[in-house]
Every structure is written in structure tokens, then in C-alpha cells.
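Straight from TrEMBL, the features:
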{"type": "COMPBIAS", "residues": "40-49", "note": "compositional bias 'Polar residues'"}
{"type": "COMPBIAS", "residues": "65-74", "note": "compositional bias 'Polar residues'"}
{"type": "REGION", "residues": "40-75", "note": "region 'Disordered'"}
{"type": "TRANSMEM", "residues": "111-132", "note": "transmembrane segment"}
{"type": "TRANSMEM", "residues": "138-160", "note": "transmembrane segment"}
{"type": "TRANSMEM", "residues": "181-204", "note": "transmembrane segment"}
{"type": "TRANSMEM", "residues": "224-245", "note": "transmembrane segment"}
{"type": "TRANSMEM", "residues": "257-276", "note": "transmembrane segment"}
{"type": "TRANSMEM", "residues": "296-317", "note": "transmembrane segment"}
Amino acid sequence: MAEIRHVLHQEATCVGTGKLETPLTADATALFVQDMPSSTTAAPSINSSMRDHTSRSSLELGKMASSTRPNSSNEIHDIDVVTAQNSYISPSSLHQKSLKEVFPPFLARKVVAEMIATFLLVFVTCGAAALSKSNPALVSQLGASVAGGLIVTVMIYAVGHISGAHMNPAVTLAFAVARHFPWIQVPFYMAAQISGAMVASFVLRELLHPITDIGTTAPSDTAVKALVMEIVVTFCMMFVTSAVATDTKAVGELAGLAVGSSVCITSILAGPISGGSMNPARTLGPAVASSDYSSLWVYFLGPVLGTLSGACSYSFIRMTEKEPQATAALKLSSFKLRRLQSLEMASPTNNAFDNI
């Protein structure tokens, strides 16, 4: 027992200082080992006690978490949103995601393309009209109409694959009504078109100074005649545009030529009566730059009514997928009927059906 007490004293000294005062003898070591519990029996008890302690700690933590859980929906915003992969989603990232859904990156390119195309359209058409009024010998009315048609053709081939080359708020509205254009993009397109027309008009005012009339449109007779003319010519332009731009059966490569030609032809006719605007942005830009707002409602209402009626009219008469098959079947039946009649005339017998 004295040896055991000596060993315990040495152990306490070792625990306190980290060193043994005197080395243990072999007999003391043997007695110490015999009195110590074996590791095979002590380890399970230690592990079980640790598991019990861990389970009690987890239970206490669960109770604390449940007691601190928010009780109202207003406190949900203070909790971090964590996905199944434990990735954090901040409120700013959610705001950026919703912003991209409303204004995606590709829409910015479309808006810029529309602004540039409308700028060039108004710059050419209004510039040619201003020069035609100030010096008819330099640019005639026919030349101004041809210039307007050519710039439309060029812009369709330049940015048609990017933005569709509307260049006209009334055209954008008509496409949206006919379900060929998303409504959420309509305000952005209209803002770009009006901005491009405004910038072009102010640039023309500075370049053509002292010319005060920079292509403003005004009725030559009554406002009613100008309104009817704007409706008719815009109907023609939109009808052609709907045919070549929205119908898959049309020849899309000729869209620029078709729309540009329609603008040129209608401008020649409408120029002496209403000015041949067919575009609210083309009228609004020079009106603001010249501070001339007379009869502005004619060139807002006329193009809108014309484009809506043109788009809806073509949507009504547009062929469906089943109609070409029915037409082909009708042609085949008529071919058989003509062949049957020819065989009956050539054969003296009535066995013409056997030869088909």
C-alpha cells in the first residue's frame, strides 16, 4: 500500500509539474496497473457519458432556438435566407435579379439601337423636308419622299435583327396589341424613339440655322382631311410591315425594300396634304425644337389608328397552317378532274377511271 500511495503522490506531482520526481519501480508499476480499470471497460462508460452530455446539450440548444423563433411575419425579413446548399442570398441580390427580369441586358442594346435608328430617320426626313421648303430647287418634294423611304430601308437592314427597327411609337404599340411584341418593353422603346427624335431635331435646328421650319408637319387644308390621310397612309405602311415582318410565309429578306417602298409611295401622296408624318415621334421632335404645337393631335391620333387597324387587319386575313394544305388538295382535285375529262374525250369507252 505504501508503494501505491507513493505512486499516487508521483502522479499528482506529475500532473501539477509535468515531471516525475523519481522513476517508478517495476513493482510499483505493476501494482498501479492492477488497481487501474482496464481500458476496454472504461472506454464505453466514458463514451456513453459523452453521448448523454451531447444529447442534453443539443436538446437545450433546440429549446433555445425555438424560444427565439420569430412569431410575426414582420420579423421574417431579419432572417438570412439560406438555400439547401447553405448559400446566402442577400436582399440586394434579390433586387438585382428582379431588375434584370424587368430590364434584361439585351433590352439595353435594343433600346440603344432604336434610339440611333430613330435619330437617323428624323435627321434625314426632317432635314430633307426643311431643305425642300426653303429651297425647292435643291430638294424637291419627291426627293424628300424618296429620302424618307431609303432611310427606312437602310435602318431595317442595319438594326432590324437587333431591335426590329420600329422607329415609331405607333408601330411599337400596334405590334404589342397584335401580340407580336412584349408589353413590358413598350415604354422603353417609346422613350428611346422619342429621345432620338428630340436629339435629331435640336441638331437640325443648329445645323440649318437660320431656317426656322425644320420639318414640322402641319395640315395644308383642314385638320380632318389631314387626319384621314394620316390614317390611310399609316394603315398601308403597317399592313405591309405586318405582312413581311410577322408572317413566316413571307419573304423576310425583302422586308426592308417592301416597308421602305411603302413609306416612299405614301409620302409622295400624303406630303402635300398632311406632310406624310406617319410617326408621332417624327412630328413631336421638330415641334418641340421649333416650339410649334399646332394640330399636334392629328399626328398622334392618325398614326395610332392607322397602325392599329393595319396590324389587326393583317392578323385577321393571315393564313393559318391548315389553309395551304387545303389549297394544295384543291389543286390536286382539279388536276384529276381535268385529266379525267381529257381521258373521257379521248376514249370512246366509259372506262376512264381505270386509267387514273
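Placement of Cβ uses the backbone N, Cα and C atoms for every residue, glycine included.
TrEMBL labels come from automatic prediction, so no person has curated them.
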Surrounding residues of the transmembrane segment (138-160) on its own chain - C-beta under 8 Å, 6+ positions past either end: 113-114, 116-117, 120-121, 124-125, 128-129, 131-132, 167, 255-257, 259-265, 267-268, 271-272, 276
The transmembrane segment (296-317) and the transmembrane segment (224-245) contact flag, 3+ Cβ pairs under 8 angstroms: yes
Surrounding residues of the transmembrane segment (224-245) on its own chain - C-beta under 8 Å, 6+ positions past either end: 164, 170-171, 174, 178, 180, 251-252, 254-255, 258-259, 262-263, 265-267, 269-270, 273-278, 295, 298-299, 301-303, 305-307, 309-311, 313-315
Positions whose Cβ lies under 8 angstroms from the transmembrane segment (181-204), at least six residues beyond its ends: 102-103, 107, 110-112, 114-123, 126-127, 130, 163-164, 166-169, 172-173, 175, 214-215, 281-282, 284-286, 288-290
